[in-house]
Amino acid sequence: MAMPITSAAGRPGTRLFDAETPLLNDVVPGSVDFKGRPVTRSGSGSWKSAFFIISVEVAERFAYCGINSNLINYLTGILGQSTAAAAENVNTWSGTASLLPLLGAFVADSFLGQYRTIIIASGLYILALGFLSLTAALYSFKSSDCQIPANNTACSPPQFQIIFFFFSLYLFALAQGGHKPCVQAFGANQFDEQDPKECKDKSSFFNWWCFSMNSGIIVALFVLNYIQDNVSWVLGFGIPCIVMCLALIIFLLGTMTYRFRIQSDERNPFVRLGQVFLNAARNWRTTWAAISNEEEAQGIRPYQGSQQFKFLNKALLAPDGSKEEWRVCNITEIEEAKAILRLVPIWTTCLGFAIVFSQSSTLFTKQGVTMDRSITAGLQIPAASLQSFISVAIVVFIPIYDRVLVPIARAITRKPSGITMLQRIGTGVLISFLSMVIAALVERERLKTAVEYGLVDIPKATVPMSVWWLLPQYLLFGIADVFTMVGLQEFFYDQVPNELKSLGLALYLSIMGIGSFLSSFLISVVEKATSGPGQDSWFSDNLNRAHIDYFYWLLAGLSAAAFAAYLYCANSYIYNRRNSL
């Protein structure tokens with residue numbers, strides 16, 4: 001017989017198993033297996049499930065970064081676009097890919113669930129990568145005529161192939177939109193927050209998730225970029241397709257071990273939150289006295305968090321004064337809506353970090369192309385592979401952070417996480433500002449070297465300056481990633497209502513998406529403002545006449561302003577749960 005239960009949010013739900021279930025102390029409350037049966041703590045979830053889920057994420061990042069990291073070279077090389085146009089296209093595509101998780105989270109949290117969404121998104125990934133391989137194969141076949149000087153025009157792909165390429169690329173972004181918010185939320189859901197050990201393991205899960213993910217990225221940046229630059233773009237796109245097929249199989253093999261959260265409310269969580277804002281807007285004329293009377297009648301006691309966005313308390317009353325249950329929101333729903341609104345200032349002030357970070361796959365890569373990339377007499381490191389040092393820094397620094405810095409901070413602050421999530425995020429934002437300053441100084445030195453050796457008007461010449469000069473800015477990006485990106489993941493997952501965990505991670509990803517769009521917009525504005533008749537813009541195709549260093553200084557200034565705004569917002573933020581402190 002089904003028995004009613006009450007969720008942590010205070011709403012009625014449904015228990016899918018009897019109170020007399022054997023080994024009750026080992027049963028995980030609020031979770032079932034893939035057939036809807038109760039699950040035991042010893043036989044499901046935790047790290048045993050996380051292994052399968054992390055595996056598919058490693059493969060997804062391998063595929064995504066294998067495409068994203070070298071995309072600017074494909075656009076400027078195979079498709080013949082200018083540096084500025086290619087950078088704008090990469091940023092626009094990256095921004096779209098980072099915003100689509102909002103759609104994926106909506107579909108997962110409202111209709112399909114995280115598990116089904118992951119499977120469908122993985123299928124779309126495989127299809128998109130297959131299409132990309134096909135476009136590269138078609139170009140390789142057609143471009144054979146380029147060996148004949150009279151047919152040099154054949155080097156430019158036909159319009160249909162260009163359209164098909166971008167269709168495949170944005171299908172790839174759509175797949176990422178369904179995959180990215182669900183996999184990490186599904187992985188974190190394998191840990192029971194009510195169990196002290198699993199709660200502590202979940203905090204480490206976000207660190208080791210990032211560690212494993214970046215291990216896959218390192219392989220992609222070294223192996224795939226080398227294959228794309230020196231062997232074949234067909235293989236460069238085809239290998240990730242095969243890896244995603246294997247990852248989907250591994251993910252399905254773990255199905256028997258997964259925990260699935262029981263939905264504690266029949267209403268769609270998005271509809272529930274939307275009702276709060278709708279009722280509050282309709283009641284905009286309602287007096288505060290009427291609201292206070294209703295709060296007193298319901299026995300609602302004010303606490304610090306409720307004082308923010310108090311106008312939402314107007315949703316306690318029906319717009320026409322009636323008491324129809326479907327039109328009146330309860331205090332739990334109103335507090336959930338307030339929790340979402342409290343995230344907005346943090347989300348906004350982290351955009352500066354996202355704008356800075358988007359340069360690693362565009363302008364940083366173009367810098368590297370012009371420099372001495374020799375490792376040995378006959379071997380050069382692909383410029384795009386330098387991004388792997390971001391992942392190297394992450395892989396090296398995460399164990400140091402998790403096993404050394406956190407215990408030290410925990411002993412000082414007495415907090416389980418050592419430092420708060422917002423302190424962690426802010427530390428990374430500051431480091432990203434420093435990386436931009438260093439990037440500007442290095443680019444100034446590169447331009448100075450080009451002048452000294454008379455290479456200003458020889459854009460294809462290699463500037464006699466080692467590419468390893470770029471290493472500090474990449475490494476600082478990686479360390480900033482450990483603080484800010486992992487901190488944002490944990491923060492947005494932790495601070496949203498329980499039924500909107502995918503949305504929380506999608507909101508974090510949307511920061512990077514909007515940051516990419518803003519970077520593209522800035523590049524476009526600066527390109528138009530600094531170019532003119534007989535004048536090279538800051539993003540001239542001849543980088544020896546460009547002034548990317550000026551752009552880096554501009555970004556450093558924006559980053560500093562965003563950091564100051566972040567400090568103000570973080571200082572006034574009220575955490576949604578005490579255990580988040």
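Including glycine, each Cβ sits where the backbone N, Cα and C put it.
Counting only same-chain residues 6+ beyond the ends of the transmembrane segment (118-139), those with a CB under 8 A from a CB of the stretch are 56, 60, 63, 67, 78, 104, 112, 157, 161, 164-165, 167-169, 171-172, 174-179, 182-183, 186, 232-234, 236-238, 240-241, 244-245, 247-248, 251-252. According to TrEMBL, the transmembrane segment annotation covers 118-139 (among others).
Taken from TrEMBL, the feature transmembrane segment applies to 159-175 (among others).
Long-range contacts of the transmembrane segment (206-227) within its own chain (CB-CB distance under 8 A, at least 6 residues past either end) are made by residues 54, 57-59, 61-63, 65-66, 69-70, 184, 187-188, 235-236, 239-240, 382, 384-385, 387-388, 390-392, 394-395, 398-399, 401-402, 481-482, 485-486, 489-490, 493. What TrEMBL lists as transmembrane segment is 206-227 (among others).
Sequence-distant contacts of the transmembrane segment (233-254), counting only residues of its own chain at least 6 positions beyond either end whose CB sits under 8 Å from a CB of the stretch, comprise 49, 51-53, 55-56, 58-60, 62-63, 66-67, 70, 74, 78, 118-119, 122-123, 125-126, 129-130, 132-133, 136-137, 139-140, 220, 223-225, 227. TrEMBL lists 233-254 (among others) with the feature transmembrane segment.
Marked as transmembrane segment by TrEMBL: 340-359 (among others).
TrEMBL lists 379-401 (among others) with the feature transmembrane segment.
Residues or ranges marked as transmembrane segment by TrEMBL: 422-442 (among others). Same-chain residues lying 6+ beyond the ends of the transmembrane segment (422-442) with a Cβ under 8 Å from its Cβ atoms: 346, 350, 352-353, 356-357, 359, 364, 469-470, 472-473, 476-477, 479-488, 491, 549-550, 552-553, 555-556, 559-560, 562-563, 566-567, 570, 573.
TrEMBL lists 474-493 (among others) with the feature transmembrane segment.
According to TrEMBL, the transmembrane segment annotation covers 505-526 (among others).
The transmembrane segment annotation in TrEMBL covers 550-569 (among others).
Contact between the transmembrane segment (505-526) and the transmembrane segment (159-175) is not supported, since fewer than 3 Cβ pairs fall under 8 Å when only residues 6 or more apart in sequence are counted. Between the transmembrane segment (550-569) and the stretches 159-175, 340-359, 379-401, Cβ pairs under 8 Å are most numerous for 340-359.
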